[in-house]
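Taking it in order: structure first as structure tokens, then the write-up.
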Amino acid sequence: MGAPATRRCVEWLLGLYFLSHIPITLFMDLQAVLPRELYPVEFRNLLKWYAKEFKDPLLQEPPAWFKSFLFCELVFQLPFFPIATYAFLKGSCKWIRTPAIIYSVHTMTTLIPILSTFLFEDFSKASGFKGQRPETLHERLTLVSVYAPYLLIPFILLIFMLRSPYYKYEEKRKKK
């Protein structure tokens, strides 16, 4: 597979990632920060099922720091998702480079405390977490695996934007 074909495969992966992120953000993540009345009972039940089944303490009783990440997702990331979907599914949109770098770094930065919480928090002593919590290493790793794509795909995006010869920044020079 040549460089243009590889680039198109990565662009399609990224386009589908952003496309899939729209309903996940709207119907799951933002329930923690938007009024409950906005969501049909089916979506509320889906979130309850997920949070209980996977013992996700952040979505059962979201702490303030996690809600701040969700607010950023609402204000900054959600408007970017359709733009990024368009740019990557269309392909060859060099203008997406800078916004994609900003998105990827922001998202990876928010995932560090989330994944660290799942891996290292002593939930038996943590009074800020109510409801079911991961108790075993297997339950913690299961939660990490649910959130890991939101660290890995932005990392791929960042490397792609920084290393792809197609997306590399070229300084425009004035002709004399």
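Even glycines carry a Cβ here, placed using N, Cα and C.
What Swiss-Prot records for 1-9, 90-99, 162-176 is topological domain 'Cytoplasmic'. The annotation domain 'EXPERA' is assigned in Swiss-Prot to 10-158 on the grounds of sequence analysis. Per Swiss-Prot, site 'Likely important for receptor folding' is recorded for ASP56. Marked as cholesterol binding site by Swiss-Prot: VAL75, GLN77. For 108-176, the entry in Swiss-Prot reads region 'Required for interaction with Hst1/HTN1'. Residues or ranges marked as motif 'ER retention motif' by Swiss-Prot on the basis of experimental evidence: 172-176.
Overlay of Swiss-Prot feature records on the structure.
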residue: ASP56; record: site 'Likely important for receptor folding'; Cβ contacts under 8 Å, 6 or more apart: TYR50, LEU143, VAL146
residue: VAL75; record: cholesterol binding site; Cβ contacts under 8 Å, 6 or more apart: none
residue: GLN77; record: cholesterol binding site; Cβ contacts under 8 Å, 6 or more apart: HIS21, THR25, TYR103, HIS106, THR107
Averaged pLDDT score, the motif 'ER retention motif' (172-176): 63
Residues of the parent chain within Cβ reach of the topological domain 'Cytoplasmic' (90-99), under 8 Å, 6 or more residues beyond its termini: 7-8, 11, 80, 83-84, 161, 166-167, 169
ASP56 (site 'Likely important for receptor folding') in three-state DSSP notation: coil
